[in-house]
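Enquirer: Just lifted these from Swiss-Prot, have a look:
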type: BINDING; residues: ARG21, ARG126, ARG127, ARG166, SER167, CYS168, ASP169, ASN177, HIS207, LEU208, TYR209; note: dUMP binding site
type: BINDING; residues: HIS51, ASP169, ALA263; note: (6R)-5,10-methylene-5,6,7,8-tetrahydrofolate binding site
type: ACT_SITE; residues: CYS146; note: active site, nucleophile
Amino acid sequence: MKQYLDLMKHILAEGVDKSDRTGTGTRSVFGYQMRFDLSKGFPLVSTKKCHMRSIIHELLWFLKGETNVAYLRENKVSIWDEWADDNGDLGPVYGAQWRSWPTQSGDAIDQISQVIAQIKSQPDSRRLIVSAWNVGELDKMALAPCHAFFQFYVADGKLSCQLYQRSCDVFLGLPFNIASYALLTMMVAQQCDLALGDFVWTGGDTHLYSNHMEQTALQLSREPMPLPTMTILRKPESIFDYQFDDFELTNYAPHPHIKAPVAV
């Protein structure tokens, strides 16, 4: 994951110091892109240990269309707890927008089902898009979508995906985001009988929090390890039928975990 370390170096060298919503302060750049060939390994950061179990459960939670943290808590995943209300609700965040985007007529659009059907029937379409950025519901969300918009692309029998992330916590959040969307691309490719292409990550306000600088320096002192392999052990009938045990990560030999505070 040299690309990830290069981004950190770029922010430190070229970034500007900015204030932010959380009051923590950041060093930030605007507009950055990374590309990962998914046929060459699974893009999981190795210069610190990443919690793949949380990444998988969060993605399955999104795909269920759920917006209450009960499922996550049942599976010992606490990454959304800081934003949940007393009942565990987050408002109409990612899962709601992916699976039940509300229309003016009172209906709902299942964007995930829709985009998979489009990939199968119209692979050359330039409208293979899923958006979580619903302007009409932002004020109801506990946290506005950071990874806001993604697009699929089919060429030469391979599926690629590009994510636009309007705001990115590079130290804590980005390793999760890259792995999550790489895994989603693998799942969609399997459902559509396509080979793996690239995952392209595009960042808007791409930042390191001021209280992550020591952790960033430690991570930059470490050598990245070879990419691990992610295997999907079965092909269920639907994108919504995957279970945690369907995924097997092998040859992941990361450096030790690095703890850092979350900016809420």
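The backbone N, Cα and C atoms fix where each Cβ goes, glycine too.
I'd like to know what surrounds each of these features in this structure.
Expert: In the three-state DSSP scheme, SER167 (dUMP binding site) is classed as strand.
Under the DSSP three-state reduction, HIS51 ((6R)-5,10-methylene-5,6,7,8-tetrahydrofolate binding site) is assigned to coil, being neither helix nor strand.
Cβ neighbour count for CYS146 (active site, nucleophile): 18 (other Cβ atoms within 10 Å of its Cβ, all protein chains included). CYS146 (active site, nucleophile) carries neither a helix nor a strand DSSP state and counts as coil.
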Enquirer: Which of the recorded positions HIS51, CYS146, ALA263 has its Cα closest in space to the Cα of TYR209 (dUMP binding site)?
Expert: ALA263
Enquirer: When you measure from the Cβ of SER167 (dUMP binding site), how many other Cβ atoms are you left with inside 10 Å?
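Expert: SER167 (dUMP binding site) is surrounded by 20 other Cβ atoms within 10 Å.
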Enquirer: Given the binding-site residues ARG21, ARG127, HIS207, which one is most crowded in terms of C-beta atoms within 10 angstroms?
Expert: HIS207
Enquirer: Tell me whether TYR209 (dUMP binding site) sits in a helix, a strand or coil according to DSSP.
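Expert: Once the DSSP labels are grouped into three classes, TYR209 (dUMP binding site) ends up as strand.
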Enquirer: Using C-alpha atoms, which one of the recorded positions HIS51, CYS146, ALA263 comes nearest to ARG21 (dUMP binding site)?
Expert: ALA263
